[in-house]
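For reference, Swiss-Prot has these:
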ACT_SITE  Ser987  active site
ACT_SITE  Lys1030  active site
BINDING   Gly605, Pro606, Pro607, Gly608, Val609, Gly610, Lys611, Thr612  ATP binding site
COMPBIAS  36-53  compositional bias 'Low complexity'
COMPBIAS  78-103  compositional bias 'Basic and acidic residues'
COMPBIAS  119-146  compositional bias 'Basic and acidic residues'
COMPBIAS  161-171  compositional bias 'Polar residues'
COMPBIAS  174-188  compositional bias 'Basic and acidic residues'
COMPBIAS  309-318  compositional bias 'Basic and acidic residues'
COMPBIAS  821-855  compositional bias 'Basic and acidic residues'
DOMAIN    200-452  domain 'Lon N-terminal'
DOMAIN    895-1081  domain 'Lon proteolytic'
REGION    24-192  region 'Disordered'
REGION    299-318  region 'Disordered'
REGION    821-862  region 'Disordered'
TRANSIT   1-62  transit peptide
Amino acid sequence: MLRGQSLPWRAALHQTPRPTVLRPLLPFARNNGPVRSNLSISRLSRSPSLSPRAFSTSSIRRKEKPPSDEKEDSNLQEQKDPNEQKDSDRSPEGRRRSPDSTGREPGAPTSASGRRRDKVAGEKEQRGVEEDAKKENVSIEGKSDPTEDPSPIPVNGGGSSDTKSSASNGGNEDGGRKGKKGSGDRALQKPSVPEVYPQVMAIPIAKRPLFPGFYKAITIRDPNVATAIQEMMKRGQPYVGAFLFKDENADGDVIENLDDVYDVGVFAQITAAYPLRGEASGVTAVLYPHRRIKISSLLPPGEQSKAGNTEDKAPEKKGDVVASFEEGVAEPAPKDLYEPTSFLRKYPVSLVNVENLAEEPFDKKSAIIRAVTSEIVNVCKEIASLNPLFRDQISAFYTDQFPGNLSDEPAKLADFAAAVSAGELHEMQEVLEIMNIEERLPKALVVLKKELMNAQLQSKISKDVEAKIQKRQREYWLMEQMKGIKRELGIESDGKDKLVEKFKEKASKLAMPDAVKKVFDEEINKLAHLEPAASEFNVTRNYLDWLTQIPWGQKSVENFGIKHAMTVLDEDHYGLKDVKDRILEFIAVGKLRGTVEGKILCLVGPPGVGKTSIGKSIARALNRQYYRFSVGGLTDVAEIKGHRRTYVGALPGRIIQALKKCQTENPLILIDEVDKIGRGHQGDPSSALLELLDPEQNSSFLDHYMDVPVDLSKVLFVCTANVTDTIPRPLLDRMELIELSGYVADEKMAIAERYLAPAARELTGLKDVDVNLQKDAIEELIKSYARESGVRNLKKQIEKVYRKAAFKIVQDLGEEVLGEDKALTDEGKAAQEESKKETEEGDPKDPPADPEKSTTETPRLALKVPESVHLSIGKDSLTDYLGPPVFTADRLYDTFPPGVTMGLAWTSMGGAALYVESILENALTPESRPGIDITGNLQPVMKESTQIAYSFAKSVLAKQFPENKFFEKAKLHMHCPEGAVPKDGPSAGITMATSLLSLALDHPLDPTIAMTGELTVTGKVLRIGGLREKTVAARRAGAKKIIFPADNMSDWLELPENIKDGIEGHAVSWYSEVFNILFAELDKDAANKLWQKQLAGKPKKGPLEEDD
């Protein structure tokens, strides 16, 4: 079926069919030689009454004659009057004869002999064209023409529903049933189409225009237009004009305004009309276009005007040619214009005055025309190879439209290309309007190319869909066959069904969110349709396993008891007041609200103060599950966010693994060493922690492997770090910092007695043995072996003491008391005998024959030490267990010489004493040049503090001691001991300035005074950090006084009394206060005149002066 046509047009195809001669479609090559086509040919019946006619008017006639058959002429002459025969031979209607010379009615069945006669008639018809072209060279003006007859033109068999002849020749409306062979007169009757029809009823059409020679079925719903069509059919004048709407969405059967439609359309014949189903007034009309026409004026519906009115004139386009292009023919005087549609004035329909459009003359041998024609034929072949229906259309079109050579009908070929294509509205209309064949053919080729692309796309989609359907049908068929075979053989299933049921059972016990439930259902359906041998099966199974092991909606019952939490925390840790207070606050809030949200805490402190171990105690106090993982040195983001499932061996991140292990949504997760996280080519894990540790985001944490949101808002995160300098600022901002300072000697003593010593005794097997580590020994151990702020090294030293004691006990008692045979059980003795036997049979140098048996741990019993054993470890015997003390002295100097001061520093190990030494490199002389050298592995900030202190010291000496010229001539050297330890920070400013002034004033300082504070060039003392650690270091170094900035007074007040015990604190704001404390006993007059003797000598003479 042609595009845009409906079922009724098939009936019109068989109105008055004629047998045609089948010819192959012949494309043309560049040498103009015919090439045989492989395109298949199918037969098509086409009514000769509906074939396109040559254009003419009342005063102009075409020069060409249609082909005629000699036999037909002779037959007609026998049946007609000679005069009539003479006139009819000259008229175009008389020359158009039916090629059927057998006398049978068109549409009757054709026998084999009839088909042979058809072939002979076709050959004669082609020869007749050539003879007529030679003979017919005279004008036909003045001859009789049916179109000049003012009476209505009858249409016999042209679609009239009430003519008797239409029923006899198969031209009725029932779809063209073949009628019986009628009489010879009736067989020779044929309808005629007027070449001039100045006024027609205009019917607007939508979507695509009509092209001459191609049927189109349209639907008429306007009752007036439907009634007019029926009237036209009854009168035998079923001719209308079809014009395309400019608006694709427009609808209607009447043209209200000439601007609504294109002015170029087609003159069409209504071959059949059928009433619409379900509608009383509507009809479906089948139109057959004959030629192109152009609107000259519009008579709006209901207007009673004559056809001569020229209102709403349509603009005339360039290239529009009216009537024939024959030259040298004189036009007769105009006659009164016949109006065949005058009976339609009573209906409110659209009447238009039209004029015929004729094609411009063209050269059939033009290279452009031949090339484009050949390309159109090639494209048609390609489309035909993809679409069988299009192949039938091409065959029917060639059989019907091309009785001669294909190159002789390029205009029809262009119309065919546009008629069967699905182009744009304006493109199709352009093909209809263009009268120049060389311009029309490329336009039609473009439209046909688009149809080729559509056909290719449809073919591809059809093949893909068909392949998918076949694949699914094949899989389904095979699966059903396999199930049937297993069922017949009684073979059990592969376990997939049980696996699916297991996952569904697990999921039913979990409170999955809607988004997770949706993903679970999709994955379980995928698993059910996968074969166990498929690689995707294991991936899906592992994913479902992880998805069902996450504790969706499962929480542990928390304990909000304050007393219980205090008891648990004190059992495991001594001190750590800040941490314990924060956890108690957390519990109190949960007790009041009834629930608690997850928090992110960060414990910052030196090593060994209990940051990691306190996390486990917090989980026990809150009755939460505990999970710890370290991120120190971590460089792969996938450890936190997981791997994508596309990778082999992919796993979720550590957070999802923690939830799987804890089986609760509210565990305590300890992220250790967060300040030592790394960065590599696999990403920045610290940036991945931003989402994890953000309370606003972790409620929908997205792991790469799980790819579903996981709620972490109820998890209590505890991070640990030694320093905060290496933690990115955005990450640090998301955590609540709790600083843990180092332990003082008293705290270490309590920790050692309560926790470390009992644990070490049990670890070394001395739990039930009378081994006593005296208190003075622990004090000496803390003082001389473990000065660190933490207790990790102290724990090591205590364990070492007990190990030495265990060795001493075993050695003293001997093998007689603690024999090996007493330690073995019966199983152990049997294993020992078997091992000994195997050793004797084999070479002693050979490795064991059965490594698994030989390396298996032999069952043993713990030996009991006799109660008579007593061991006491005191201060004096500590060297026998631990060796010489590591720290031999608390301070470097018993008394300070001039230029030496004791400062205080903060390190990751806690606080430490920082000594600053300044000396005079050379003796002072008038020729001396000032300067200062700095050593001690000082970092940039501390070097700047040295320059500030040097400049400030010179300023103080110049103001308060103007006669002292020490800094003007002194070459100085400043050093900070322990040069292997890098030192940085601004807090040693007042210490350095004091060291320089002590040397310049030659005044030694009190060795029991320690100081810390940042100094500016104007003498202002600024705030410092780590006052607790520095105070502990000062106390350990034997300091009695400590000078610190006044801005740190609040930190000083918060220090425990056991730390401040025996130390006097002095808060200062300016260095003048520091000077008054340190140099209170200084003789200012003597200090002012100091160094005058050294600088008063005469300068040495130069070499020239000595010669004189």
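The count begins at 1 with the first shown residue.
Each Cβ is built from the backbone N, Cα and C atoms, and glycine gets one as well.
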In the chain carrying Thr612 (ATP binding site), residues 6 or more apart in sequence that have Cβ under 8 angstroms from it: Arg628, Leu670, Asp672, Thr720
For Ser987 (active site), the number of other Cβ atoms found within 10 Å of its own Cβ: 29
Among Gly605, Pro606, Pro607, Gly608 [binding-site residues], residue with fewest other Cβ within 10 Å: Pro607
CB contacts for Lys1030 (active site) [other CB atoms within 10 A, all chains]: 27
Integer mean pLDDT for the domain 'Lon N-terminal' (200-452): 77
Whole-number Å value for how far Ser987 (active site) lies from Gly608 (ATP binding site) (Cα to Cα): 25
Spatial separation of Lys1030 (active site) from Ser987 (active site) - C-alpha basis, Å: 11
Gly605 (ATP binding site) versus Lys1030 (active site) - Cα distance in angstrom: 14
Cβ neighbours within the same chain of Gly610 (ATP binding site) - under 8 Å, at least six residues apart: His573, Leu576, Leu740, Gly790, Val791
Structural state of Pro606 (ATP binding site), classified by DSSP into three states: coil
